[in-house]
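Inspection log for the structure reproduced underneath, given as structure tokens.
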Amino acid sequence: MPIDFHLSASQKGTYQAARSLARNLLMPARQTYLQHPPNSPLRFQSTQPTYAAAVSAGILKGQISPAHGGTGGTLIESAILVEECYSVEPSAALTIFATGLGLTPINLAAGPQHAEFLAPFLSGEGSPLASLVFSEPGGVANALEKGAPGFQTTARLEGDEWVINGEKMWATNCAGWDFKGCDLACVVCRDATTPLEEGQDPENKVMIILVTRADLDRNGEGSFEVLRHVATPGHTSVSGPHVRYTNVRVPTKNVLCPAGQGAKVAFGAFDGSAVLVGAMGVGLMRAAFDAALKFAKEDNRGGAVPLLERQAFADLLSGVKIQTEAARALTWKAAHAMENGPGDYDARRELALAAKVFCSEAAVKACTDVINAVGISAYDLQRPFSDLLNTAVVLPIFDGGNVGIRRRHLQQLMLKPTYDAWSSTYGSFP
């Protein structure tokens, strides 16, 4: 395709809808949840009306593939939506987008027999939450290397039921609005029906089981527990607690991915979300730049001219603008490549990983650069700068940490004998 950064009619529509959503729905949500103490679970619960309004507006249905009855568009359109929302109110936005991540394994792997699980998210009613329940308290970065024990959350087949036991952490939305379980959890776990044999690849035991709120209610009190609500410096209206499943029984029909197929689908979900984390980074960089630019035009720090006329300030600010443009270009290229190529899946995936790593780390640097430019006034909580940094700092370490997971995946791609560094740009040639 020719290189053209003009938005299509559909992309312009996405941008306009995202702009309206961010300013008219998400921004007021911030004023609501800030009325509650920092890191209080009430902050998350107070955003339920906002979430319900987003559902009514079709945002959840837009995160489901048309193949499954949704109205989902392209990955570039998703990136436009995420960037716009993150430039205005990232915390309330993450709850919405985390449901999209929770539904991604179904988008990737569901068959007709799984339609019932998607029904609540296609209705446009209520405030259903979905969650990709992946991370564990002890970490999972090395859990699937050969010789490792694999996931500590297990599922054992007993008759026509799977019995789930284990603890999970950081899975956004997994506890639901009342902290008794979300509407749909894609639980990534290890098949423990038979033991992992010495030398066996732990990936061969990874499966994904769908656990609904009805399943948890049927299992009764104590089957699902919130052990701790995690206090975080940013995204303070988001819920991603430490939870425990105890002898949760679900029917065999709830298996989305049997043992041996779960890891591929879970990592496939994170390949798509890598691009969207890139867009999150761009949104935060935008917000940091805009706030610093406004400050520089209005403030002179006791001098004779506005700060923007000072070379030191202008150099820092122009650097942030340049990095923001570069980050967006990489994000859009990765989004386009994931769905259109060129190159094989590994080449496309490399761009998604690069977008996640580059944009997340650039966002942190952008926030610190504008803080250095603004000076001590940036430390005032009435200004947005410290909040932007507290939000940005999680991007390199969540959704697959850059050091422990994302850069290791890049390393694995480069180690392959078939690695072609530039096929995602020029295609493959003999």
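Numbers here mean position along the shown chain, with the first residue as 1.
Including glycine, each Cβ sits where the backbone N, Cα and C put it.
Secondary structure at ASN142 (FAD binding site), as computed by DSSP, is coil. When other Cβ atoms within 10 Å of the Cβ of ASN142 (FAD binding site) are tallied across all protein chains shown, the result is 11. Annotation source Swiss-Prot lists FAD binding site at 132-135, 140-142, 170-172, ARG301, GLN311, 372-376, 397-401.
In sequence order, PHE270, SER273, ALA274, VAL277, LYS356 are the residues near ASP399 (active site, proton acceptor), counting only same-chain partners six or more apart with C-beta under 8 A. Annotation comment: Swiss-Prot describes ASP399 as active site, proton acceptor.
For LEU132 (FAD binding site), the same-chain residues that are 6 or more apart in sequence and have a Cβ closer than 8 Å to its Cβ are ALA98, LEU101, GLY102, THR104, PRO105, ALA171, CYS186, VAL188, ALA266, ALA269.
Working note on the binding-site residues SER135, THR172, ASN372: by count of other C-beta atoms within 10 Å of each C-beta, THR172 ranks first. Here the binding-site residues are GLY375, GLY401, and the one ringed by the most other CB atoms within 10 angstroms is GLY401.
In three-state terms derived from DSSP, SER135 (FAD binding site) belongs to neither a helical nor a strand segment and is classed as coil. Within 10 Å of the Cβ of PHE398 (FAD binding site) there are 20 other Cβ atoms, across all protein chains.
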